[in-house]
Amino acid sequence: MTGQYDVLIKNIGQLLTMDHGDGPIRGEKMAQAPMIEKAALAIKDGKIAWMGKTTEAVSLTADKTIDAEGKLVTPGLVDPHTHLVFGGSREQEMALKQQGVPYLEILKRGGGILSTVKATREATEEQLLEKASFHLDRILSYGVTTMEAKSGYGLEKETELKQLRVVKKLNEQHPIDLVSTFLGAHAIPPEYKENPDAFLQEMLDLLPLIEKEGLAEFVDIFSETGVFTVEQARGYLLKAKEMGFDVKIHADEINPLGGTEMAVEVGARSGEHLVGASDKGIGMLGTSETIAVLLPGTCFYLNKDSYAKAREMIEAGAAVALSTDFNPGSSPTENLQLIMNLAALKMKMTPEEIWNSVTVNAAYAINRGESAGKIAPGRQADIVLWDVPNYHYVPYHYGVNHVNTVWKAGKLVYGKEREDEQVYTS
Ligand code: IZC
Ligand code: ZN
């Protein structure tokens, strides 16, 4: 007999809907995690068809009924800042790091980002696709169903386009929804060392083609000592905006240069890192639409003493999001749950603030606020069932994967019950 619904999940201890209504979450709402306790949820045709109390679900029928055994169910997580597509790896730089050679000094010596550029230029599109697909499967296993992916390891036309085409293909092939960002301005390539402005112009000249092929929605730039100045970044992003792109910026990651203020001034969708954000910059974030995407994995991995001032930002009224910054140099991890732990331990964020930061606000940071990061009737069913008793538990118990099952658009794409279902194969 066919049921009314495709899937019915009963006996959910806490169903974290994260549905606060419209818009990014800031102010008092950051302290709330909207949920239904003792809940049930039904999926039909890939969408959330019904949600309520388990006691109200007794007469509902479905092709497959799952007993959640009192565990947690949440929206699929959203990771709004990753460098997903790259060649090679940088484990050989670990010894330099241990000797105290700073991240920017490694870059200055031609390593760091530039060593990944070399490996990415040498890789074929198929090799990059296979490697990124491997990482993507792992990201999915940690509960992420929507994420951003940047280029930036080509620093010349063909390789940048190659990376962006890989993201486009993976978006079509893989269950995770990918949002693409052009980060051609990620470092100054050696051939332009004396003329960074000419390099930036060359990257801007690629935008019409990127737009025509639908290869990116966002344009990003790394503003940092030894990379691009805040003023170079401002000019670059304003031109990208004029050409119809939304913009993001890697700002105040290592040194405080005023990139946070500039992000707000140019109307960036998000400012990312913001470790060295000034008090003025934090105040400006609080009264702007620019989302503060914090990446504590990089501070941890680069062994920094200070982290982004999340508490001050939230108190100022900023919409805060969290991300892995998955990349081969400063944050080699696919595990967004570990970032949730670091947000709690190192930035003193509360569980409610953390969940808002990896769902609703992360989705708005990549222009997917209307389709990802929430559980609500009629929305695409991107859902995670966790092996934990409540939502406080995930930021608390660190270093392991708590995900039991992931559904993307109602389809089971990762989990212990995969044998019974149609399984995704890459
Ligand atoms: O490959 O090091 N910070 N870009 C800016 C990165 C980190 C990625 C990398
Ligand atoms: Zn980054």
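Our numbering is plain: 1 for the first residue shown, then up by one each step along the chain.
Every residue gets a Cβ built from N, Cα and C, even glycine.
TrEMBL annotations: computationally assigned, not manually curated.
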Listed in TrEMBL for the Zn(2+) site shared with His81, His83, His250, one of Asp6, Asp177, Asp325: Asp325
Further N-formimidoyl-L-glutamate ligand in TrEMBL, beside Asn327, Gly329, within candidate set Tyr5, Tyr142, Tyr153: Tyr153
Further binder of 4-imidazolone-5-propanoate named by TrEMBL next to Arg90, Tyr153, His186, Glu253, taken from the candidates Ser306, Ser323, Ser330: Ser330
Other CB atoms, at most 10 A from the CB of Ser330 (4-imidazolone-5-propanoate binding site): 21
Sorted by sequence, non-His81, His83, His250, Asp325 residues with Cβ within 8 Å of centre, Fe(3+): Thr82, Lys150, Glu272, His273, Leu295, Thr298, Ser323, Phe326, Asn327, Ser331
Set of same-chain residues at least 6 away whose C-beta sits under 8 angstroms from His250 (Fe(3+) binding site): Asp220, Ile221, Phe222, Ser223, Glu224, Gly259, Glu272, His273
Annotated N-formimidoyl-L-glutamate contacts Tyr153, Asn327, Gly329, maximal Cα-Cα distance (Å, integer): 12
Neighbours of Tyr153, Asn327, Gly329 excl. site residues, C-beta within 8 Å of centre, N-formimidoyl-L-glutamate: His83, Phe86, Arg90, Gly112, Ile113, Thr116, Gly152, Pro328, Ser330
Within the predicted model, mean pLDDT of the domain 'Amidohydrolase-related' (72-413): 98
